[in-house]
Amino acid sequence: MQNWDELLYLVSAQIQFADQKQEFNKRPTKIGRRSLSRSISQSSTDSYSSAASYTDSSDDETSPRDKQQKNSKGNGDFCIKNIKQADFGRREIEIAEQEMPALMALRKRAQGEKPLAGAKVVGCTHITAQTAVLMETLSALGAQCRWAACNIYSTQNEVAAALAEGGFSVFAWKGESEDDFWWCIDRCVNLEGWQPNMILDDGGDLTHWIYKKYPNMFKKIKGIVEESVTGVHRLYQLSKAGKLCVPAMNVNDSVTKQKFDNLYCCRESILDGLKRTTDVMFGGKQVVVCGYGEVGKGCCAALKAMGSIVYVTEIDPICALQACMDGFRLVKLNEVIRQVDIVITCTGNKNVVVREYLDRMKNGCIVCNMGHSNTEIDVASLRTPELTWERVRSQVDHVIWPDGKRIVLLAEGRLLNLSCSTVPTFVLSITATTQALALIELYNAPEGRYKQDVYLLPKKMDEYVASLHLPTFDAHLTELTDEQAKYLGLNKNGPFKPNYYRYY
């Protein structure tokens, strides 16, 4: 119990502090309270904007297609936002290298052998610091690379600048139009005197463009490496129709992609993307996640841990049962669409959230997509005269109905995490290493090993990718004895699981 003297001293000190605070508020300042508030708000916006990509305040609105830029060596075979951002991008790439141990190890181990010597790789992926580490690794292994972005919002302009300064032919910038998107892909492919012999795709747009515009190129292309659900689906469609004319490697369904990129990456990046764009409080919010594949599982786990009430929609009874056993309520979307606060799609399908559902959503409902393609939310149906679009901040729009109801649409229905935030570099190291090994395998495979079909990465390679990342955790694998290996019918060095094994 404090005595009276101590209490009086504390009260006196509080009164003195209040007087000083009042006196401080009376002092003249160069900006009033409103200006100060606006200044702070602007600072927050700048901080938000720089989270995904640095933007030089000196940038103008001129389209990169209308600019003539050259790097310090006089090379101008690229089209990016601003080559002056190269130094900043180089620092981001150096940071990413620290979290991508497998790629750096692969670069060191295989650099002398140059397993990709003579390879001409044309790529269409997200252009981020992590992709830059992959591209520079492919170059160190002997490949020539030309690159475009697979998403109009995910390019980090400063990274694209660093790549262009380093001599890479990059055609991408954040905020491309649809026309820009296809123009950039065409510039990558259509160069006199240069023809690709390998494709690295994310979503299938690059493959589709070559099939549509330059089908004769496939006579010299040795293979396609595809990393997304959407792109793999398109490859299987081509194969089924007998139109796939080169071997293709399905990286998306490799264990190291499914379990790490799709699950663990989305478990962290869903919260990051939502928080940066909306500042939403997750506790107590009602959320419906459409799809309970690996991406959906990651999203649900993260939101549940933050105290959200999570519903799941699913077409597959096995995934549906998993959702129920994990403690989620399985529903049809129309059963909960009026009450939920957040709608997240991650199915890889089209028209999952159609205009009927958008009309029935509550005021302030947040709508976003975690699947690769922008087909899951019917955004086109919202571009009608009776609805008003209001840009709130970068990648955040209010869509307002005539009665005043509004929804919050993120990234215009495109991939949330790479459009609005960033993703964990370490996880991308796993995927990028898998892509690099798939390219090496297809490029060096003897004729006849792979036919004109879609293949999974050999299990041995999956295990090798995983083993390259274990030293980061100071992890020590147990080795089988000869007797144990014989008992299990395994090679001591793997593979340790049959192809039909499921890593749940």
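Each residue, glycine too, has its Cβ placed from N, Cα and C.
Curation does not apply to TrEMBL; its annotations are automatic.
The region 'Disordered' annotation in TrEMBL covers 22-78.
The compositional bias 'Basic residues' annotation in TrEMBL covers 27-36.
Positions annotated as compositional bias 'Low complexity' by TrEMBL: 37-56.
A sphere of 10 angstroms centred on the C-beta of D202 (substrate binding site) encloses 26 other C-beta atoms. Sequence annotations record features per position, and here TrEMBL assigns substrate binding site to T128, D202, E227, K257, D261.
What TrEMBL records for 262-423 is domain 'S-adenosyl-L-homocysteine hydrolase NAD binding'.
The NAD(+) binding site annotation in TrEMBL covers G293, E294, V295, G296, K297, G298, E314, N417. Note: E314 (NAD(+) binding site) has non-local neighbours G291, Y292, G296, A320, A323, L330, i.e. same-chain residues 6+ apart with C-beta under 8 A of its own C-beta.
When the alpha carbons of D261 (substrate binding site) and V295 (NAD(+) binding site) are compared, the span between them is 9 angstrom. T128 (substrate binding site) and G298 (NAD(+) binding site) are 22 Å apart (CA-CA, integer value). Ranking the binding-site residues T128, D202, E227, K257 by Cα distance from V295 (NAD(+) binding site) puts K257 first.
N417 (NAD(+) binding site) sits 12 Å from T128 (substrate binding site), taking the Cα positions as reference.
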